[in-house]
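Taken from TrEMBL, the feature domain 'Cation/H+ exchanger transmembrane' covers 11-409. Taken from TrEMBL, the feature transmembrane segment covers 30-50, 70-88, 100-124, 130-149, 170-189, 201-223, 230-249, 255-272, 293-313, 319-341, 353-376, 388-412 (among others).
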Amino acid sequence: MLDLVAAFIALTTLLTYVNYRFIRLPPTIGVMATALVFSLIAQALSQLGYPLIELEVQEMIRRIDFSDVLMTWFLPALLFAGALHVDLRDLSSYKWPIGLLATVGVLIATTVIGVLSYSIFALFGWHVDFLYCLLFGALISPTDPIAVLGILKSSGAPKPLATTIVGESLFNDGTAVVVFTILLGILQLGTTPTLGSVSWLFVHEAVGGLLFGAALGYGVFLMIRSIDQYQVEVMLTLALVFGGAALAARLHVSGPIAMVVAGLIIGNLGRNHAMSDESRRYVDGFWELIDEILNALLFALIGLELLLLPFSWLHIVAAFVLGGAVLVARWLTVAPAILLIRRHPSGRRQVPVGTIRILAWGGLRGGVSVALALSLPLGEQRDLLLSLTYIVVLTSILLQGLSIGPLVRYLYRDAPH
């Protein structure tokens, strides 16, 4: 196992260096693009009679359980690190649009994408059960907080827009995972549950995760406040993330939501009322480093997954059509939130109509979608959805990710920040 970890870290470090030294794309996008090019080169060499590199990397990636690694290790840490630097006062100012996008928005997107994808699959001659279409809608609905946070750092987005995008992207992962889990349970049981049982399961997972994260975050806050030793304080946050995520799974509550809430508490209450200047510096530095390392590993893994998935030109064409359906669904979910923001006086001044375009185009898909697709039951429908999900995620990160920054800067070039 250690040799696998060492090999993967070494390869990711090389890809990160190549991007930073020569390509200079935004870190997460650049690492994924570099890994993608590496995968294509390995495949080309294999076609020319030199299969060793492709076979070695395939074996390495095959031994990594992408779904388990992301959901158990990467996602809790990345969500906590992202929430750690979000101002709770800014978040509360736009709680209604954020809440709607992260809950009702996910449900609407899941339904719209499910209906549209069912028709698209039929158009391409594929028979996919409607429940699988809804599962595809759920797994492709969450926006990627990792890519979004990185882009907003350099795009100069106005505060209402940045707060809404960041807040939604942090919370909608948890909502989408809950919806996906419910739909997957229905598929595996083979029975249709009552509306009451589905509603209770949703509330138990989502609200339970929120309350569990609040209790966990406040408990660690009290422990940090009782000491002044930065090494122990860093260890407490580390234990909070991985121990808390494991316990959330045992309690059947949403681990992603719990980690976001805990991160907000430590990042606001803990930073302002429990940590010394030295502790703040070390805790922030530690989690910024963890964030950068895990980002690089995650996006390298996404790029290298190309070596394991079968594709055809029909898959690529269908994925682009599905990507359009995802954008349509995204567009239909953001308008109500913008209307709520614009009811606020400062929102009307700072957020022009073009914000709808930014929110729709800035809804990048990422690793969570691939991880959820990998957790589908084995079979032809799973293989099809996995390949299509992967292509949709790739095009979303590359096309939308590389263009959203310039679009934000263009639309808000004269806006106050």
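Cβ coordinates come from backbone N, Cα and C, glycine included.
In this chain, the transmembrane segment (388-412) lies out of contact with the transmembrane segment (70-88); the count of Cβ pairs under 8 Å, excluding pairs fewer than 6 apart in sequence, is fewer than 3. Pairs of Cβ atoms less than 8 Å apart link the transmembrane segment (388-412) most often to 353-376, out of 30-50, 170-189, 255-272, 293-313, 353-376. Through the fold, the transmembrane segment (255-272) approaches residues 71, 75-77, 79-88, 91, 170-171, 173-175, 177, 206, 209-210, 212-214, 216-218, 220-221, 224-225, 237, 240-241, 244-245, 248-249, 280, 283 of its own chain, all at least 6 residues removed from its boundaries and within a Cβ separation under 8 Å. Across 170-189, 293-313, 319-341, stretch 319-341 shows the highest tally of CB pairs under 8 A with the transmembrane segment (100-124).
The transmembrane segment (170-189) makes no contact with the transmembrane segment (319-341): fewer than 3 of their CB pairs lie within 8 A, with pairs spaced 6 or more apart in sequence.
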